[in-house]
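**Q** According to TrEMBL, the protein has these features:
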- K33: active site, proton acceptor (ACT_SITE)
- Y253: active site, proton acceptor (ACT_SITE)
- R129, M301: substrate binding site (BINDING)
- 232-355: domain 'Alanine racemase C-terminal' (DOMAIN)
- K33: N6-(pyridoxal phosphate)lysine (MOD_RES)
Amino acid sequence: MRPARALIDLSALRHNYRLALELSSAKALAVIKADAYGHGAVRCAEALEGDAQGFAVAAIEEALELRAAGVTKPILLLEGIFEPSELALVDAHDLWIVVHSAWQVDAIERANLRQPVTVWLKVDSGMHRVGFHPYEYAAIWRRLQATGKVRDIVFMTHFSRADEPDCPRTAEQLATFEAAREGLSGETSLCNSPALLAWPQVRSDWVRPGIMLYGASPFEMPQEQVSRLVPVMTLESKVIAVRELPPNEPVGYGARFVCERPTRVGVVAMGYADGYPRHAPTGTPVCIDGRPGRIIGRVSMDMLTVDLTDHPHAGLGSTVEFWGRNVLASDIAMTAGTIPYQIFCNVRRVQREYRDGL
Ligand SMILES: *Cc1c(COP(=O)(O)O)cnc(C)c1O
C-alpha cells in the first residue's frame, strides 16, 4: 500500500480545545466544518464530545453526518439554512442556526416547528460578507422574538482582521457590535481562533475556535500563546526510490532544480494529489527520519523529491514528515503562499490514522 498517511492525534485536539477554554474563560463551540479542516469531523467530534459544549459546521449536510454518527451535543450551522425547507430538518435534529439575512427570518415566521429554535443572530460589524446592518439589528431581534418560535438568541459577529494584532479594525468591529445590541439582553459570541489568542480584551459568552484546535497558528508573525498549541495532524510518507546524480543534472518536471554538487535524491510518495502544495519551492523544509531536510525540484502529482546528500543514513523506506510536530503547517503554508487552513483542507487520498494518547 502507498505509504502516504495523515496521523491524527486526538489527545492533541483535546489539549487545544481545553486551551481555548482556558484562554477565553468562555464556552466554546469546536468548529469542525469542512470535515474538521481535513481531520475527519466525526472522529474529531467523538474525541471532543466529553469536553465540548457544542460544535459548529458550515451547513446542514455536515450536521446531519454528525447526528447520524450519534453526536448529541448542540451543533450550530454557521451559514444557517440555505433554503426554507431545511428548517424541518433543523427542527427534527435539534440544530442551532445562524440567521444572517432577512429571508431566513421570513422562513422562521412561516415555519411549523415542533420546538423553538436557537438562533445565533449575526450582525455585520465590518467584515461585509453576511449579517444584518447594525441599524436594523435590534428590529430584527424583536421580529424574531415576536415569532414565538425562537428559544434563545445569541448575538454574534465575525472579525475580519483579528490575525493582525496591531490592526485597529478588531476594536472598531467590537464597538460596532456593542452599539448594535445595546439595550438587548442575551449571550454573545465573538471570537474565532486569532481573536481568542491575540485579543484577550475581547470577551464573550461563547468562542468559536477552529484552526487552533488543530494546533496551527492563524498568524503570520510569532504570537505568544501559539507555542502552547500542539499540532494534531502529521502528514508523512516514505522514500520509495533513491538515485545519485552528478552536478548539472536536473531533477523533475521543468528541470526546476539542477544539481550543484553530486546529489543523492530521494523520491517520496507524496504529491499535490494528496494535498501537498504544488507551489512549495526548492528548499521547503521537511523532516527526514527525524532530521531537518529540504525538498528539491517541482512537486508532482504523486511524487516529490528530497535532498538526501546530507542524510547518509537515510534511504529507501525512510520516513519523511511534511508537517506535524517537527515541521509546522503554518510555515509550509507561508512558504507555499497559502494559509494552514487551506493546507489542512486540501489533504486527501492519503490514509488517515487516528491515535489517542489518553
Ligand atoms: C470558520 C469560522 C470560525 C473559526 O475560525 P478559525 O479562524 O478557524 O478559528 C469561527 N466563526 C465563524 C463564523 C466561522 O465561519
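In case you wondered, yes, glycine gets a Cβ from its N, Cα and C as well.
Caution: TrEMBL annotation is automatic and unverified by curators.
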**Q** Using Cα coordinates, what distance in whole Å links Y253 (active site, proton acceptor) and M301 (substrate binding site)?
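**A** M301 (substrate binding site) has its Cα 11 Å from the Cα of Y253 (active site, proton acceptor).
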**Q** Going along the chain, which residues six or more apart from K33 (active site, proton acceptor) have their CB under 8 A from its CB?
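**A** In sequence order, A41, A56, V57, A58, A59, E62, L78, G210 meet the Cβ cut-off.
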**Q** Can you check which residues sit near R129 (substrate binding site), meaning Cβ under 8 Å from its Cβ, same chain, 6 or more apart in sequence, and list them in order?
**A** H158
**Q** Kindly report the helix/strand/coil residue split of the domain 'Alanine racemase C-terminal' (232-355) according to DSSP, in that order.
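**A** Counting residues per DSSP class in the domain 'Alanine racemase C-terminal' (232-355), I get 19 helix, 47 strand, 58 coil.
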**Q** Which of the three DSSP states, helix, strand or coil, fits K33 (active site, proton acceptor)?
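**A** Looking at the DSSP assignment, K33 (active site, proton acceptor) belongs to a helix.
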**Q** Determine the Cβ neighbour count for M301 (substrate binding site): the number of other Cβ atoms within 10 Å of its Cβ.
**A** 12
**Q** Where does the mean pLDDT land for the domain 'Alanine racemase C-terminal' (232-355)?
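**A** Residues in the domain 'Alanine racemase C-terminal' (232-355) carry a mean pLDDT of 98 in this prediction.
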**Q** Using all protein chains in view, find how many other C-beta atoms are within 10 Å of the C-beta of Y253 (active site, proton acceptor).
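**A** Looking across every protein chain shown, the total is 11.
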